[in-house]
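Sequence annotations record features per position, and here TrEMBL assigns transmembrane segment to B:6-26, B:63-85, B:134-156, B:177-195, B:257-274, B:286-305, B:328-350, B:357-376, B:382-401, B:422-445, B:482-507, B:528-551.
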């Protein structure tokens with residue numbers, strides 16, 4: 001599963017294939033429109049000064065100025081800086097667009113069978129165009145039909161191919177009631193029929209939203225991006241002060257500095273690297289989630305994922321395998337294991353639940369009890385009901401029952417209802433009213449429950465035989481994942497309907513930090529509120545309608561795609577694979593997004609040191625020859641130094657596009673170690689790299705006689 | 001450089017460090033409104049003051065109310081001080097018969113003292129009456145220091161509190177600071193200075209006949225009481241024109257040492273107040289470590305530069321370092337150390353002429369001020385200035401751990417970044433901007449004592465010192481002109497209040513936030529990594545701003561000096 005998911009991610013080399021790159025070049029030019037540029041203040045400023053120097057240059061060409069070749073090259077690279085920034089954004093968008101294209105294909109014009117009859121038996125309909133459907137309309141979708149729009153199944157069961165949105169070709173079951181009632185427009189019914197009430201108008205369906213999201217059309221700046229932009233604008237203003245005052249200082253010293261050189265200094269100093277890549281990083285972050293088959297409804301949600309302090313995880317399906325399995329038969333005194341196993345197997349023969357089947361399997365594997373034919377035994381199956389809370393078989397005058405311990409005890413006791421139907425009944429019972437065997441059963445059950453198992457009592461003809469030990473199987477590797485999360489500083493809380501004893505045992509086995517037992521939806525909501533009151537950010541996933549309030553309350557609510565429409569509306573992310581364990585990866589992707597921004601900001605600012613050493617001696621050398629001592633890179637000439645710095649400044653944007661798109665690797669090694677590592681790479685690296693880069697470019701510039 | 005020199009520096013650091021914890025603990029109690037050992041005596045006075053002022057000490061203020069109260073307080077203070085200077089000729093305690101202070105000079109001086117700058121375009125003994133010195137200048141030495149500390153405490157509360165609308169009461173903070181912290185220390189300190197030989201008298205100037213038979217008027221006055229708060233409150237405005245180089249203002253080696261200690265004492269202790277109030281003293285120590293590293297490096301460079309002298313003189317065999325402009329009583333170490341301390345903190349008292357330092361030796365004081373005086377810094381102002389940089393450092397690098405940046409449990413978001421940026425922006429705007437104007441204005445250039453890069457540095461230093469509310473003068477520049485009086489006053493005003501208002505807005509927005517408990521995923525802000533990170537951000541973001549100006553001033557001067565070219 002894990003490797004399969006990893007393969008879905010596209011390697012970097014493929015990110016920059018020609019299908020994306022060529023249109024991106026075109027849109028890099030289109031994005032020069034100042035109305036678009038202004039959204040990125042740093043690059044807008046670069047565009048303004050590039051335009052300004054271009055005007056001055058044209059004037060100089062007409063009036064015949066000096067050093068035109070040098071000025072021309074500087075201006076050229078100023079424009080390249082802007083174009084490279086636009087290109088980075090266009091590439092990031094391009095990858096989303098490619099995905100959007102494939103989604104759009106599913107949105108083809110379809111016909112819908114609008115039901116005209118009012119009662120549920122009436123299947124009369126008329127064909128209408130899918131686009132004319134309104135919210136609240138009820139349509140019939142039969143095998144082979146496309147579901148015209150998002151909706152809720154109100155009647156029927158059908159297998160649906162949702163490959164269009166999940167990429168998974170295996171069909172899924174959609175049925176009315178319960179937690180699998182949501183259907184998505186554009187998916188196809190393969191068998192049977194369903195009656196669907198439309199819940200989304202055209203243009204706002206799930207696929208429509210997905211397309212908009214992956215295209216980045218409705219991208220808004222996230223809170224962190226806004227804050228970062230403020231920092232970048234602030235730094236830009238500081239460098240405005242630092243550069244506009246230079247001509248005056250130079251005049252005092254008896255020299256002068258041309259506008260184009262001043263602009264070059266200014267542009268190299270302002271944080272163009274991060275300014276150019278900021279929106280690409282954001283788009284790529286959303287995109288990484290999409291590649292992971294998770295849809296974030298906003299960039300804000302992705303950011304919040306990185307900040308999550310507490311993860312609420314449902315026990316079943318996330319921490320444990322979905323089904324409990326029988327692991328042992330525990331007879332009471334006077335009954336052999338074989339006897340108990342035999343009875344248990346008989347009681348479970350017709351039980352198609354995974355638990356029931358696991359009992360049959362255990363009886364066969366451990367005690368060699370072969371399968372028997374119900375018909376041959378002329379046995380009648382007594383199914384499980386919520387009232388009796390037990391199931392079994394009546395065969396040949398004998399009746400075997402298995403079920404919740406308290407129910408079986410009550411059953412054996414002739415239906416005396418001393419057992420209260422609550423999770424904690426074993427304790428609620430009156431010891432005085434129990435027989436020795438009952439007490440023994442209770443002792444065994446307690447022991448099993450303490451160990452995290454679920455006891456299932458077995459009785460034959462009113463006689464208690466023993467207890468079946470059902471056990472939750474904790475998923476392999478999950479313990480290590482939780483340890484990893486702990487190192488990331490994230491607390492995990494297991495949510496379960498089990499009683500506290502069972503929950504504690506599983507919690508210990510899985511290695512979660514805490515658990516919430518006998519959890520009701522209200523408890524879950526309260527837990528989230530409590531955590532949030534402590535200042536923590538909470539993530540959870542859920543699928544049922546009763547999860548909706550908690551999903552809405554959580555800072556990151558991942559709804560399962562198989563879930564109800566209510567759940568999908570309430571969450572701020574949807575997992576198309578409906579794999580709750582993915583919450584962990586979602587958090588990692590969020591962290592990666594923030595880290596990438598931080599790393600490139602640090603790199604960008606650290607770069608300035610080298611640029612100063614390249615440009616400051618160059619511009620003042622004419623009147624203070626002593627400043628040659630600051631030319632530590634030994635750049636060939638003042639002009640080549642300035643040109644090299646501006647070239648470096650532009651091409652570093654291109655060089656960092658892959659990193660911006662791929663993201664900085666996240667390692668769960670704790671914040672301190674992570675910071676140390678990244679500071680070394682992007683901080684110290686950011687100081688050193690431009691020294692080498694500018695020197696190398698200077699050698700090329702000189703060799704090519706560009707100045 | 002000598003071993004004795006380094007021992008003196010080490011001893012200095014040791015004493016400052018030893019004072020951090022006791023002073024920090026005491027100040028924390030004071031600002032938490034707790035009982036202290038001085039309460040039996042001071043509490044009735046404090047309660048009386050609130051009764052007179054109609055202040056309800058239990059009632060806390062929103063950041064805006066707090067800031068408005070602070071600003072009103074300064075407006076009244078400014079008007080009062082301006083009036084005293086203009087009217088001093090007709091007011092009592094004027095034995096030397098000083099005439100009214102000129103309009104522009106009064107304006108400059110009033111701004112200078114309410115902003116804790118104490119830039120002096122006047123000579124104390126030749127311009128100010130005793131009344132002006134005592135009731136005007138000394139009072140403002142207390143109040144501007146107390147205001148700075150109060151503001152820092154308000155910002156600390158912002159970090160320490162969770163989901164609260166208020167950040168304390170300005171009137172209570174400034175009263176408690178003055179009564180419980182500044183006054184008691186100053187009383188003891190004044191007596192010590194008098195013991196060391198500093199005058200403390202209301203008597204007239206003394207006429208003496210020198211050995212040559214010439215008549216000389218020796219200025220005296222209530223010196224010790226003013227010097228105590230001038231140092232403790234990092235004000236720096238000298239009673240005499242020569243400031244701490246004057247024998248009456250700094251009589252002995254011991255007085256020099258204690259004066260240096262007192263410049264840093266409260267500022268360093270404020271880091272401890274911060275640590276205690278946010279519930280983790282290590283947070284305070286980490287900030288002090290940032291300051292400490294920058295300080296030691298600065299001292300080493302200045303001391304090194306002064307001890308090695310200039311190439312030209314060395315070539316003539318005149319080795320032994322640069323003694324020009326230094327008091328023989330103090331020598332190279334104590335002068336270098338004093339220069340770095342007084343500019344690292346926002347004090348501005350001087351015991352040597354910075355103008356006469358070597359280019360590099362004089363550059364460090366300049367850089368100290370350009371970084372915003374956050375290396376210990378002015379009382380209170382140093383801490384809030386440093387916290388602004390910490391906010392930026394955390395924001396830039398904090399993202400690299402994969403979380404929205406947090407500092408002591410507070411998320412650093414758009415509003416915090418905006419306020420920190422606004423506060424930091426005004427500094428370069430003032431000193432780079434006014435310098436750019438001054439160096440091309442012929443009348444302003446005429447005020448320079450030296451040509452070339454050195455003259456440039458004189459101007460840059462003046463505006464930097466004013467903007468940073470330091471008040472130390474490089475020397476050389478004739479500042480008492482209409483142009484400099486007004487432009488320096490505007491620098492002082494903007495440098496103080498345009499930084500305070502965003503800092504208070506920051507306090508308000510932080511206090512309103514929830515406090516997030518730290519986890520393994522939280523950026524640790526107490527270790528060496530954090531210290532290194534903050535230093536890096538301070539040097540890069542702070543340093544990049546003024547590197548061009550430095551290149552044209554002290555750096556080129558130094559490079560020329562090594563080739564024996566002087567300006």
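Residue numbers in this text run from 1 along the chain shown.
Heads up, the Cβ atoms here are built off N, Cα and C, so glycines get one too.
When each of B:6-26, B:257-274, B:422-445, B:482-507 is checked for Cβ pairs under 8 Å to the transmembrane segment (B:528-551), B:422-445 comes out on top.
Nonlocal intrachain contacts for the transmembrane segment (B:177-195), taken as residues 6+ away from its ends with a CB within less than 8 angstroms of a stretch CB, comprise 26-27, 30-31, 36, 38, 42, 45-46, 49, 142-143, 145-146, 149-150, 153, 223-225, 227-229, 231-233, 255, 258, 262, 266.
The stretch with the most CB contacts under 8 Å to the transmembrane segment (B:63-85), chosen from B:286-305, B:357-376, B:382-401, B:482-507, is B:482-507.
Residues 1, 5, 9, 13, 20, 268, 271-272, 274-275, 322, 332-333, 336-337, 339-341, 344, 357-361, 364-365, 367-368, 371, 374-377, 382-383, 386-387, 390, 525-528, 530-531, 534-535, 538 of the same chain, all 6+ positions outside the transmembrane segment (B:286-305), place their C-beta atoms under 8 angstroms from a C-beta of that stretch. If you count C-beta pairs under 8 angstroms between the transmembrane segment (B:257-274) and each of B:134-156, B:328-350, B:357-376, B:382-401, B:482-507, the highest count goes to B:328-350. Beyond the transmembrane segment (B:134-156), the same-chain residues lying 6 or more positions past its ends with a Cβ under 8 Å from any Cβ of the stretch are 27, 31, 63, 66, 70, 73-74, 77, 80-81, 84-85, 93, 113-116, 118, 128, 167-168, 170, 173-174, 177-178, 181-183, 186, 222, 225-226, 229-230, 232-235, 237, 266, 270, 273-274, 277-278, 378-381, 383-384, 387, 500, 503-504, 506-507, 510.
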